[in-house]
Amino acid sequence: MNKKISIAIDGPAAAGKSTVAKFVAEKLSYIYIDTGAMYRALTYKALKKHISLENEDELINLLNDTTIILLPGDQGQLIFLDEENVSEDIRTREVTNTVSIVAKHKLVREEMVERQKSFAVNGGVVMDGRDIGTHVLPDAEVKVFLLASVDERAIRRHNENIQKGFPSDLAKLKEEISLRDKLDSEREFAPLKKAADAVEIDTTALTIEQVVERIMVLALERIG
Ligand code: CDP
Ligand code: CDP
């Protein structure tokens, strides 16, 4: 039987991480874990309960009292928060523009990382986020850092919004993506950073298929 490896995919917002991670997981029959969805779920619950996103103690108490379950669905990953399906609710603009505040807290990150590591104990996992190669799976056999220009990433999100029939302002999106990247890269604990042993792929001019293909080559080399 082939060896089951772990694949870590990191990078800034809208670089294509979750799209390609899902395809790679499908091709290898691995599980896919969207760690951003976990930070989003906690942010959604904190906003609903009117908890200050700056209050680390309250946030960690809330998280300790929260179940977050990720399940594969036909249209992508499904996210259950305390048994409620919040897959759509965690993608709102309000959550997107505040999640980086929640994700900066050390205690919140420690608890999230512990949960994320537990999903990967047996290998056979593709995990995407910001600190997977650096903190969550430092021994992952394949580490990829996906990049794309901020203009391209804003256009990708803009196109997604238009497809879904949501209002969308390209200039505003670019501003919001840049701010989130800045907060994620400059935070004190586990900032967004390429792991020293990660392979960088600039996806600006690549199709999804081309990116998937490059990661599959890296994965198959390690699986043997
Ligand atoms: O899909 P998108 O790139 O918009 O973001 P996401 O992967 O859903 O992540 C949302 C936010 O969660 C990020 O902007 C980070 O603030 C935080 N995050 C993190 O800090 N560490 C991770 N491993 C994953 C996400
Ligand atoms: O997970 P992350 O925020 O990094 O990005 P995503 O949600 O997977 O992808 C953002 C959008 O870019 C999706 O609509 C993809 O279809 C599109 N896209 C891509 O992911 N990769 C390319 N090479 C080209 C477009």
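Cβ atoms are placed via backbone N, Cα and C, with glycine included.
These features come from TrEMBL:
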BINDING   Gly11, Pro12, Ala13, Ala14, Ala15, Gly16, Lys17, Ser18, Thr19  ATP binding site
DOMAIN    7-217  domain 'Cytidylate kinase'
Task: Cβ-centroid neighbours of ATP site Gly11, Pro12, Ala13, Ala14, Ala15, Gly16, Lys17, Ser18, Thr19, 8 Å, sequence order - done: Asp128, Leu146, Ala148, Arg153
- [ ] Return the members of Gly11, Ala13, Ala15, Thr19 (the binding-site residues) with CB less than 6 angstroms from at least one atom of ligand 1, or none.
- [x] Ala13
- [ ] Give me the non-local Cβ neighbours of Lys17 (ATP binding site): same chain, 6+ apart in sequence, Cβ-Cβ under 8 Å, ordered along the sequence.
- [x] Ile9, Asp10, Gly11, Asp128, Gly129, Leu146
Task: Under 8 Å by Cβ from Ala13 (ATP binding site), counting only residues of that chain that are 6 or more apart - done: Arg153, Arg157, Ile177, Arg180, Asp181, Asp184
TODO: Would you find the one among the binding-site residues Gly11, Thr19 whose Cβ has the most company, meaning other Cβ atoms within 10 Å?
DONE: Gly11
TODO: Tally every other Cβ atom lying within 10 Å of the Cβ atom of Ala15 (ATP binding site).
DONE: 27
